[in-house]
Amino acid sequence: MKFAVLVFPGSNCDIDAVKAVEDVLGQPVDTVWHTTADLSDYDCILVPGGFSYGDYLRSGALARFSPVMEAVKREAEKGKFVIGICNGFQILTESGLLPGALRHNDHLQFRCEISPLIVENADTAFTSDYKKGDVINIPIAHGEGSYYADEETIAKLNANNQVVFRYFECDPNGSIERIAGICNEAGNVLGMMPHPERAVHEWLGSADGKALFTSILKSWEGRQRA
Amino acid sequence: MRNEPTPQQIAEEKIYRTFGLNDEEYTKIVSLMGRQPNYVETGIYSVMWSEHCSYKSSRPVLKKFPTQAPHVLQGPGENAGIIDIGDNLAVSFKIESHNHPSAIEPYQGAATGVGGIIRDVFTMGARPIALLNSLRFGEIEGPDNAHNRYLFNNVVAGIAGYGNCIGIPTVGGEVVFDDRYKYNPLVNAMCVGLLTHDEIATGTASGVGNPVLAVGARTGRDGIHGATFASTEDPHSKERSAVQVGDPFMEKLLLEACLELIASGAVVGIQDMGAAGLTSSSAEMASRAGSGLELDMLKVPRREEGMTPYELMLSESQERMLVVMEMGKEHIAEEIFQKWNLEATVIGRVTDDGMLRLKEGDEVVAEMIVTTLVDDAPVYHRPSARPSYLDQTLEFDPASITAPADLNATLHTLLRTPTIASKEYVYQQYDSMVRTSTAVRPGSDAAVVTIRGTRKALAMCTDGNGRYVYLNPRRGGQHAIAEAARNVVCSGGKPLAVTDCLNYSSPEKPEIFYQFEESCAGMSEACVVLATPVISGNVSLYNQSNDLDIYPTPIIGMVGLVEDVDHITTQTFKSAGNHVLLVGPSDTAGISGSEYLRVVHGLTAGDAPALDLHVEKAVQTAVLTAIQSGYVRAAHDLAEGGLAVAVAESAIGGKLGAQLELNTNQRLDEVLFGEAGSRILVEVAPEALAAVEAIFAKEGVSSTVLGTLGGDALEIRVNGETVISEKVAELESTWRGAIPCLMN
């Protein structure tokens, strides 16, 4: 299974995503510069965290115009797996690949800590190695992570089981219904503010993020057999 | 014709004085040049000869630091020092102050401090892997201290804003609150970088004809005379225009482009345009190589039209570097920088005539001998006099105060003190985990960052106690080094080297110069005994306003090597049933100089706490040996608040109680809150106790089993009587809640 990790000017969790794929899955992974227009060689596209273009305007607002985002849209429509983490999530909402938006944290400070999440949907391609209701510890590190969508969208997300993770017994940013991660209707695009790639070794403080990577590999292997 | 004063006007109207040059210095410049300097030249001499760039007051003292050791690859004098850690790997690090700008514009002052220190480290060819800081503010409690809270909040936000965006984890630091810093907050930032031996780059401009490039951001009119500004007495009397604005996104691009450029092998020398911008970078690079430079001001990329050579040379616009490339390889720089959407522009050439020559096209606008800018800067042997306040502070008699009756309440009071209380409010604003190499995050004795592809890791911390230095400059200097090294040992590292940030008031006051001289002597003594040479550093003087001098505050950045990731140790208690041992002198040597005395009794008095450097060395060797042997489950240095606070912090972190018993003929407050040095708390499993005690005995270090871990309460009995008995959860609530409560 071949992974692409996108690199925008200002991305800074690209290396962490590469290390996580290498350490957890041992699968091939390339960093892909934002000017690349073709991603058809890849089975999974990771949009990493960081501060693309400095995020001076609005997180992800400029990165969505990068040539590579057209390629991401094309591959997502084909059903390829796409994961946006932190700034990657913000870029996916700005690009319209996922609904809603990420606003400034309600307390207006950057927040970095290991947050407990509850797995709301373990039937996605990204979460099959978790069980529904699992509480997992995953780091967060963001200033604009407060998930917002209008009532209608939230109702739809809930009805379609598109809410994948919620913050559990904590509220680090004021997200609506403590939403921490969502997927698209088709279930092949995931966006989340917490960083699973930072939780792949016990010495990092948690290894609870590994199952997200193993789930993707299994889903891909399932598709290959089908 | 520019509206600039003529050389005659500068001399006759003594305009040079407004640049910070005194009459004697101006006369020396005239004699060195053999003529009167013009406006640009006067500006250039004034910044090169400012305290900030020339270290004219501190140089005679700094020369005395021990800087040599077999593992030192680069000592002081470059952008940052470098040490060898084996396997062809090296570590570059440095600490620097941004006190004056932060007093005026705390967010940008702190942010650009972080930006500057990162550039100093990647200039050496190192990939920055960690940031630390050390901060001092006035008290933040109560309605009168809103400005101190504003400074605190914005400095922290500025550090966070820059470090988080550029993607280098902020892994450690310290924050102390004392009204001595209310007009002059201290903002010291440290960066640690990793490189291989063959990747080392330096700031030298050699090779006649080689092109000189300005790379990164364009030059604007911001920060003109920042270095001079940092060398004056009162930052508040100066203008905001001397403070620069940071762009961490630009710096992220610059960082990646420069490391790519250095890896190309075509770089001869590279240096940050930091304080004094193009002036100091060009003069210092030429000075190191013994060469000259000829620069065309018309070619310097600029943000605004109509900028004069004076403005271009003195601007402190951020995120710029000066690079000397091998002749004919300019295109390599241009291609790499284009990829990162940055500019790389040839602005001049290396010459062999030893001159710094500035032109506008064909017209020479300034011409100075490089050595006169760098080596001939004045050196002042400032008079030194023992401060008279020491007679009063040393008179302190502990018998004059009574130990509190309710020691539980006293422990809560100390845990609530902002200097001791949890700094989570601060460090949760820093991304401490990006790069996924942080094994010990902020909140333990020293942070630990792993090195991918090896079993090694680096332990690092910042430390300093201005009150100790104030009360006993020499011993206070020793404490700063000793405690920093002790923290590294507690995390499982062998202390290797020091970077120092020396923050003092005006060196022109003999009593302040005494503090400076004596504390540096104390630091040197400790560096020698602990085998930790000084490899880089920075001096910040004139930290005084409204007749209030800061405490003399040398801040130490220490880096140590953890040989194997299995040795990584934290301060939190781990398992019920394990023993708690106190390693080091059992005599706390009283409450003099302690945080307890300050907070509970309102006194900064007595001598600095006791410290014997040879005992310190033995304790550190013993504990590190025990850690490396796999016997130590937790280790925590005893610092502010003494034994009781250290035990409480370890208990809170582990959410685990402890039952301890002490036998002593000392006063209760001395036993619980005294701050003598060389003491470490360790947790050891019962089956390892004999082996650990054997190690301590072999090193000639005393140790006492204080008790065992278990339950949900901290209980301390002294001579059979219970003096502390409190639920750990209650202690945690006080300790964790203190700063948020004051800030919200």
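Backbone N, Cα and C atoms are what each Cβ position is placed from, and that goes for glycine too.
Feature annotations, courtesy of TrEMBL:
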type: ACT_SITE; residues: A:C86; note: active site, nucleophile
type: ACT_SITE; residues: A:H195; note: active site
type: ACT_SITE; residues: A:E197; note: active site
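A:E197 (active site) sits 11 Å from the residue listed as 'active site, nucleophile', taking the CA atoms of both as reference points.
Cα to Cα, A:H195 (active site) and A:C86 (active site, nucleophile) are separated by 7 Å. DSSP classifies A:E197 (active site) as helix under the three-state reduction. Counting every protein chain shown, 30 other Cβ atoms lie within 10 Å of the Cβ of A:H195 (active site). Long-range Cβ proximity for the residue listed as 'active site, nucleophile', meaning a same-chain Cβ under 8 A and a gap of 6 or more residues, is found for A:C13, A:P48, A:G49, A:G50, A:A141, A:H142, A:G145, A:M192, A:M193, A:P194, A:H195.
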